[in-house]
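Features reported for this protein in TrEMBL:
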- 357-362: disulfide bond (DISULFID)
- 461-481: disulfide bond (DISULFID)
- 650-659: disulfide bond (DISULFID)
- 206-398: domain 'Peptidase M12B' (DOMAIN)
- 403-489: domain 'Disintegrin' (DOMAIN)
- 627-660: domain 'EGF-like' (DOMAIN)
- 1-25: signal peptide (SIGNAL)
């Protein structure tokens, strides 16, 4: 195999990888031993009177009293910090490669700021049951951790003394000569595949998919405890992500490899160390995990250099590597080093004499000093950098992040099931860790699988969600629910609209979704005046760089305009609300940039009525006849409706495909629904069973459940015809 390595795809029961077993008193003793000043005891108090806007955007607020002052911190959950499909690679004593996908709690990381302190940064974790992390106010850093495992209210807040964070003797390992050499070499490759000319770069979500390799000395520093290595790396990445969030860039950890004494190579104090790591990565790592940047975390001393990386190497598999040295046991300083090295990988240049960030040093400064701020030069440079890295634009589906193999939680060809990590498999009653079904199990997943058994025919597996949807039932032989089918496009639905792609759209409902329950579609004068302007608040589409004015016949198919608005909505970033007064008529509108990656809530939805027997399709008002299919209500003898496949979905008591004879209802696509008499018998049996023991305990009421529009009873796989109330 590559590099002479034996790569064993083996599921290993790494008990230490279960982060729930961390002992608070043992985590990062070396980090807290740096603090020279005594800690303060603080009690965070949750503030319930957070503004409606803050709550809607997911912010939480806490009061902290320290330094004889009251501080309010605002924090928000950080998503994507650790991939749900995190790959952890380790080695046996014989040098064989092991891979696991451990259970990792990834919803316990928060970032934020201190109110009234524009130059503040907060990164906190609750993975261990209480707050732990870093607060920064101007140039002062604080570390917070629980006071003790038995006390969940009190915390210790350490002030990191200024002399602890000054490390001016440490510097970036790239000399001006080396930077010039790298730029010349990489420019000669002319990698045009990564370049983008998109001018709306700021509307996108940019994500660096990062892989980290922890060398043997760093593992020893953590007492060869895999859990401690994981936690240390998570904390570093969390802080680096908070730093890069200022530039609109997020970090996500996809993979971590931990070396032992059997897996290492000589690391020398020169740029050769970077070259050696890149060569190893190309041979041994690139084919295992997709990544934008791979970073070697080392505990080795490298002279006065704390990091090496290839300038502009991100997204280039041969050069997207960096080496960062954890030399002084200070997590904040190391986060600055890693941020600096990633900056070079992205293409950010070293700060010059005219670069400033309001601090003594900035992230891209040559000399090492703990900082969390990028300079004005880095902000100015980020546009050029980010538009050349389209690999950072796409957030991969977890399926694409790792290669196919048993243990990735995805059922692939040749597998009966896949319970994922050893942690999950230990709890799975249906699936073995080798991706085969356990004895007695007929299934392990699917909407028609329950308790490792395929559900009987007639059980509802997908409920009807609206007027334009149709239910599906299990067929009794498959663990999968039949394909989702819905009412044929063009059929009438509630509110005077028409069904289109499983939705019933109309102007009034769209206004309610945007502006609240009291809003409704505005006077037609708004549509005529606004949508014929051809600007971002009123148009019928965009042609290259200009908005298209709506034709008079299409004004109801451009952007939606509303009235009777009592609540201004809390929109996503880069969105705006405009109110316009036209001859006594009030028009509320929203804008949208065509380069944004979030849904456009303000465009009139396809299928919306725009006139008698006319609907909106792609911003044009067209005759409903364009949707006419070969199935009609007459095809179904008016005893059912047509579905999107052109087949009749029959009401109860009628049999598909044409609803001609008595039967159970449904369609040839939906699976067999249960016979109504069978369902009544089941309900009566259940009612009698429940009635007997309750007869002497109180009054009993049997309340028939409502039917849906097609006469079907029940609310799900467990639904019966009656509910019992006592």
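Glycine is no exception: its Cβ is also placed from the backbone N, Cα and C atoms.
Curation plays no part in TrEMBL annotations; they are all automatic predictions.
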- Note on the structure: Neighbouring CB atoms within 10 angstroms of the CB of residue 357 (disulfide bond), all protein chains considered, total 22
- Task: Could you tell me how many residues in the domain 'EGF-like' (627-660) are helical, how many are strand and how many are coil under DSSP?
- Result: 1 helix, 9 strand, 24 coil
- Give the distance between the Cα atoms of residue 659 (disulfide bond) and residue 362 (disulfide bond), rounded to the nearest whole Å. 74
- Under a criterion of Cβ-Cβ distance under 8 Å and sequence separation of at least 6, what residues of the same chain contact residue 650 (disulfide bond)? 636, 639, 640, 656, 659, 663, 665, 666, 667
- Note on the structure: DSSP composition of the domain 'Disintegrin' (403-489), residue counts helix/strand/coil, works out to 6 helix, 14 strand, 67 coil
- Message: Just to verify a number: CA distance, residue 357 (disulfide bond) to residue 481 (disulfide bond), in angstrom, no decimals.
- Response: 57
